[in-house]
Amino acid sequence: MANPCRKLLFNIYMGFYCSTIMPQMCICSQFSMSSTDPFNKDPRAFPIATNGEPFPWNKLRLPSMIIPLHYDLLVHPNLTSLDFIGFEKIEVLVRDATQFIILHSKDLEVMNVILQSEEDLRYRKPGKKLNVLSYPAHQQIALLVPEKLMADLRYSVAINFQAKLANGFEGFYKSTYRTRGGKTRIIAVTDFEPTEARMAFPCFDEPLFKANFSIKIRRESGHIALSNMPKVKTIELEGGLLEDHFETTVKMSTYLVAYIVCDFNSVSGTTSSGVKVSVYASPDKWSQTHYALEASLKLLDFYENYFDINYPLPKLDLIAIPDFESGAMENWGLITYEETSLLFDTKTSSASDQLWVTKVIAHELAHQWFGNLVTMEWWNDIWLNEGFATYMELISVNATYPELQSDDAFLDVCFAVIKKDSLNSSRPISNQAETPTQIAEMFDAVSYNKGACILNMLKDFLNEEKFHKGIIYYLKRFSYGNAKNDDLWSSLSNSCLGDFTSGEFCYSDSKMTSNTLAFLGENVEVKEMMTTWTQQKGIALVVVTREGRSLRLQQERFLSGVFKEDPEWRALQERYLWHIPLTYSTSSSNVIHRHVLKSRTDTLELSENASWVKFNVDSNGYYIVHYEGHGWDQLITQLNQNHTLLRPKDRLGLIHDAFQLVSAGRLTLDKALDLTRYLQHEASIPALLKGLEYLELFYHMMDRKNVSDVTENLKHYILRYFKPVIDTQSWSDKGSVWDRMLRSTILRLACYLNHAPCIQKATELFSQWMESSGKLNIPSDVLKVVYSVGAQTTVGWNYLLEQYGLSMSGAEKKKILYALSTSKRQEKLMKLIELGMEGEVIKTQELSLLLYAIARNPKGQQLSWNFLRENWTHLLKKFDLGSYAMRMIISGTTSHFSSKDELQEVKLFFESLKAQGLHLDIFQIILETISKNIKWLEKNLPTLRTWLLVSS
């Protein structure tokens, strides 16, 4: 608290704090001045700076009195001493008179600050040195000016600063790689999203404060420098240093600034519109860049045509970073990638690896429009960036690489988030986030996956043409500015209606039936509908009861792990209501019927008799459907008689919904398992894989719990029931993408279940590979299973670890690491964890996935849990609390638990962290997940045991 006896040394004039500014950097009337000085009125409400002075700002968000217009930034990283010095001049515009400037700064030493007015600059006056106060709790510094800064005038703030290159994965940090000859090289790289630009230079580090950036980088001759824009010149300095000058950027947010000093090589090409695209990697991995270049050129051409907006920069670089925490980062003009998200090795990258690389490239390129060109106003709406980019993966990859059949993979995007969204501890898509940790937690499946899925649902409701026109209108209207939810809904409404004031109708498809007609008076319909999906958490359950031709509909909140008979169920249902764009088909025709369910209950009439009704056609809707009465029996009968009368995605959706309903106590497990019996005739690989996924999930659950009789019976059932599928697999890379993904999955599972022919073939291939000193080219789709079988012997495990250190393929290294984690020997598993903590042989960035894999190993689940508790302090030094890696580590080592004792242990651990002031939303998600697992076992273990006995 501020000392009330301290005499105030300066006067403060502070405008009414407003969290938004107009997209264009103009002087806006929405900012009003406070008639009194809140600091003078109650200084105790303000914090104390590190030097004991009162700090003149008490909010996490920056004040809006001053906005940046232009940064002139010079940075010189020293890759020997591992530090950097910087100098910047920030041109600012004063909106409201003030006597201080608040900037973000974290772990930077600010050495000197000079303020110059327009008059000072015009007459070349030296300017005034400013006092600097620091308040680390808010990652802010205050620049105190001796004379009031006047409204509507521009000033220049010059700052000298320095810092160490960060050791983690954020801000301006060091990254290392090993050459094929065993030498270690160091590079310097930035990663600023969401709140880490402040670790590299003092700045207005919020997405609303867009500005232009002129960047200069000093380097040695053995390195190159890259930044957002093309290099315009290089100046030679004393001592052999070089200084690269880059073109001034377009107006953008600080989190998109990027610069890198490295010694990488590149491959380049040019799009049809003349944009130079380059892909960079370390010299030994240059040969793995060619697929990324091909994909980037095709995707950038597609996006320019699809959005009807040219990519606004003259170049686009994509670079594979050796140490990188997330999959990729969309820095405008200089996109950074984790190596396995960009590089493609024709010898060791599988079909799923290719699909992954293509989707990540598509995601980041989509951000050049969604996120970079149009940015959300604040992090509470990060889904406008991430949800759209995830959705555009589907659209762009389908168009440019139809052979990858990514459309069939999109449903898993939605199914993955439903697991989290069906818990009471989920959150709305648009959610309050203020602290850096809260903001970091917004980068989750709700923002990415659910955001994409509700956009896909809306596209299906409006139709593709109207949706397409709407997003073009949105991008053009808010280019180089910021937007919020309502801006998107307004854009989609306008595009749908054209001249919306005339009161036209908007049709969701060409068939103008009463179920497809929606009146969008003054933008109400789209906004009213979509607000129910973005402003409240959770997912809807549609319960269908059929009586003759009448369909009674009821919507509820779907809750996994909470049964209708539970006392808390009713309270958790209150105030939840969605506007659900329903679709359904029947056995009598292929017509897709539509109806918007806005109330808790409703009734529909079928036009003709039907033996079954299926809601959520092609699973385009983000909701779960339960069929009361004989509804499920009718669908199961149809699947067994002729499953092809139901669409492939409908079959996939039925499998998913059935097992989700089991977790909510709405469908018995034996009924859901009965539904999967038809799978031996299933030709749609995604549906077949979904059924196998649940059976494998149950097997691992029983194996970890050591329920030996059920484990053994389930193993025999899978191997017997899917024997025809297993036996037809070749150990090759032939076939379609889905043929190849089925091969990888089914052979991995067969060998894990000790299927003798599988073990024999994998052992044979592994022995040949070892005898060839690792030179034998094993088909990439079966590499993981071959390595996993080989890792079960001491000799094989040791050889794999040796090859891991030598491999230049990130795709191969991930397969080897997975294989090493399947060892049954705990000392081997502990060795992997130790290597991950050391960060030399196994990069620290792999630790989260490594711990996740070890925790799924029955021999490693307790090991990983003990490690987390005993090494918590060490882990916090490597990863920020709210980072994706830390959340993955916490969840990966605990969320599979399924006993009351384990639940109590996790509770106590989380309580001890909270007592230290450490809290994450994921804590409650994990506790709820463990409780759900316990409940599932209590209710369904006897049923599973009986069903397997009957099926044997």
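Note that Cβ sites are derived from N, Cα and C of the backbone, with glycine treated the same way.
Annotation source TrEMBL lists active site, proton acceptor at Glu364. Among the features that TrEMBL reports, Zn(2+) binding site is placed at His363, His367, Glu386. Residues annotated as domain 'Aminopeptidase N-like N-terminal' in TrEMBL: 68-256. TrEMBL lists 291-495 with the feature domain 'Peptidase M1 membrane alanine aminopeptidase'. Annotation source TrEMBL lists domain 'ERAP1-like C-terminal' at 612-930. As annotated by TrEMBL, site 'Transition state stabilizer' applies to Tyr448.
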Cβ-based neighbourhood (8 Å from the centroid) of the Zn(2+) site, residues His363, His367, Glu386 excluded: Glu330, Glu364, Ala366, Phe370, Gly371, Asn385, Phe388, Ala389, Thr390, Met392, Tyr448
Fewest other C-beta atoms within 10 angstroms, as judged across His363, His367, which are the binding-site residues: His367
Segment-level pLDDT (mean, integer) for the domain 'Aminopeptidase N-like N-terminal' (68-256): 97
Neighbour count (Cβ, 10 Å) for Tyr448 (site 'Transition state stabilizer'): 22
Pairwise Cα distance for Glu386 (Zn(2+) binding site)/Tyr448 (site 'Transition state stabilizer') [Å, integer]: 5
Spatial neighbours, same chain, of Glu364 (active site, proton acceptor) - Cβ under 8 Å, 6+ residues apart: Leu318, Ala328, Met329, Glu330, Ile335, Tyr337, Ala389
Alpha-carbon spacing, His367 (Zn(2+) binding site) to Tyr448 (site 'Transition state stabilizer'), which is rounded to whole Å: 12
Cβ neighbour count within 10 Å of Glu386 (Zn(2+) binding site): 26
Distance [Cα-Cα, Å, rounded] between His363 (Zn(2+) binding site) and Tyr448 (site 'Transition state stabilizer'): 11
